[in-house]
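A short worksheet on the structure shown next.
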Amino acid sequence: MSRSAHPAGPRHADVLPEGHYTAPPTDLNALDSKVWAQTVTRTTDGVVSVGGIDVKKLAEEFGTPAYFIDEADFRARARAWRTAFGEDADVFYAGKAFLSRAVVRWLHEEGLNLDVCSGGELTTALSAGMPADRIAFHGNNKSTEEITEAISRGVGRIVLDSFQEIVRVAHIAQSLGRRQRVQIRVTVGVEAHTHEFIATAHEDQKFGIGLADGQAAEAVRRALALDGLELIGIHSHIGSQIFDMAGFEVAARRVVKLLAEIRDEHGVELPEIDLGGGLGIAYTSEDDPSEPHEIAKALNEIVTRECESAKLRTPRISVEPGRAIVGPTAFTLYEVGTIKPLDGLRTYVSVDGGMSDNIRTALYDAEYTVALVSRVSDAEPMLVRVVGKHCESGDIVVRDAFLPADLAPGDLIAVPATGAYCRSMASNYNHALRPPVVAVRDGEARVIVRRETEEDLLRLDVG
Ligand code: LLP
């Protein structure tokens, strides 16, 4: 879909995006298990529940907007990744998707490791008891303070992202009397997104060190020569919301080729490769993501095959799924406010949140679905655009969806698959108060990140 620039967001009158489903779903009350968390169901009185608690009760107790995360589902997905990859591989949950101390504890208990990309994420992880040696530290511009903290706390690996950083990390490690385990992040010339990928010679982006022109080989040379570093592997991350494994195939082939070159030049077989994250989830019923065991099988086969043909020992594989673990496990609950039918176009349904709790629609044209969850309805479907309460016409939560025509102010609606990159990218735009995250499990609900208050806003504003 092409999008015309507009100072206040996308053009107002783009009706239906290309390829959009034009027919309403046959049953507006149905909940597609592909997009909803595992324990989400409609109770006999028609109200949707999660973890055994209905959303009307949840709204009463915790208010709206709010994110509700299905703890059992989160744990099950984390465990599925762990089991699929087995003992000879490591799964690092990418904390940028959503991180809180409760989540860190769940991950720890389920045997996952953690990828952090800032001092803030590192502090959160450590303060919740994640052992430092199970943490990988990422970032294209880590500060001296962040590197010092990461090394002195003993993080398991730092993923080096530039030539400057190779020297900086080695220097800091040495001055602390340490030898830091590191990987080098390379850009393999694969741009992957959803159903497409493009293999190129170069990559025009800020992360990593290019394989093209021997840059990565030079980075390896330098890292191997520095006493403060123990080079344990090569890292590659090719994109996000990927369904097609072909991009990983090209990436793995190129990384293994580098491993073979390293062996030939230095006589060293690096023991690890990390293939990053980026596996897609279902945001709408149109999406068909693979299961962790299928992904693990495909990645293992690709790496094993490439290593056999290069006569290399198969390295230990690690992966960094974020969205694929947390994304499907949460939904955002909103209360319907103003309803504005625009004749011949669509009905605008305003909710009590918006782009401050889900920026992904405005930022990436992301697609979501929505459902009426506080009751069932037999009314006809109406084409809606769910919008927030911000002073901006691009403040869209769900661009095009169908809700029952008898929708009324006070109804509760929910947007599924908002576990990843919604709370973690939430903002205070228009001095919105960021919503809480509530974990629900076995009939119990507890706040794991509380709602922001006006006092929080004023505390930062020192006057
Ligand atoms: N590892 C590395 C090095 C990454 O850069 C990322 C994501 C991941 C793992 C996790 O990717 P995941 O499995 O969650 O797709 N804000 C965007 C996504 C940005 C992803 C950045 N890096 C969004 O909302 O779609």
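A Cβ is built for glycine as well, from the same backbone N, Cα and C atoms used for every other residue.
In TrEMBL, annotation is done automatically, which means it is predicted and not curated.
Since this is a predicted model, take the numbers as computed values, not measurements.
The record from TrEMBL ties Gly278, Glu320, Pro321, Gly322, Arg323 to pyridoxal 5'-phosphate, and of the options Tyr364, Tyr368, Tyr421 it ties Tyr421 to that site too. Those same-chain residues not listed among Gly278, Glu320, Pro321, Gly322, Arg323, Tyr421 yet with C-beta within 8 angstroms of the centroid of the pyridoxal 5'-phosphate site C-beta atoms are Ala94, Lys96, Ala97, Ser240, Gly277, Leu279, Ala324, Ile325, Gly327, Ala420. Between the candidate recorded positions, Lys96, Arg323, the densest Cβ environment within 10 Å is the one around Arg323. In the three-state DSSP scheme, Gly278 (pyridoxal 5'-phosphate binding site) falls into the coil class.
Close to ligand 1, meaning a Cβ under 6 Å from one of its atoms, are these of the recorded positions Gly278, Glu320, Gly322, Arg323, Cys391: Gly278, Glu320, Gly322, Arg323.
Cβ neighbour density within 10 Å is lowest for Cys391 among the recorded positions Gly278, Glu320, Pro321, Cys391, Tyr421.
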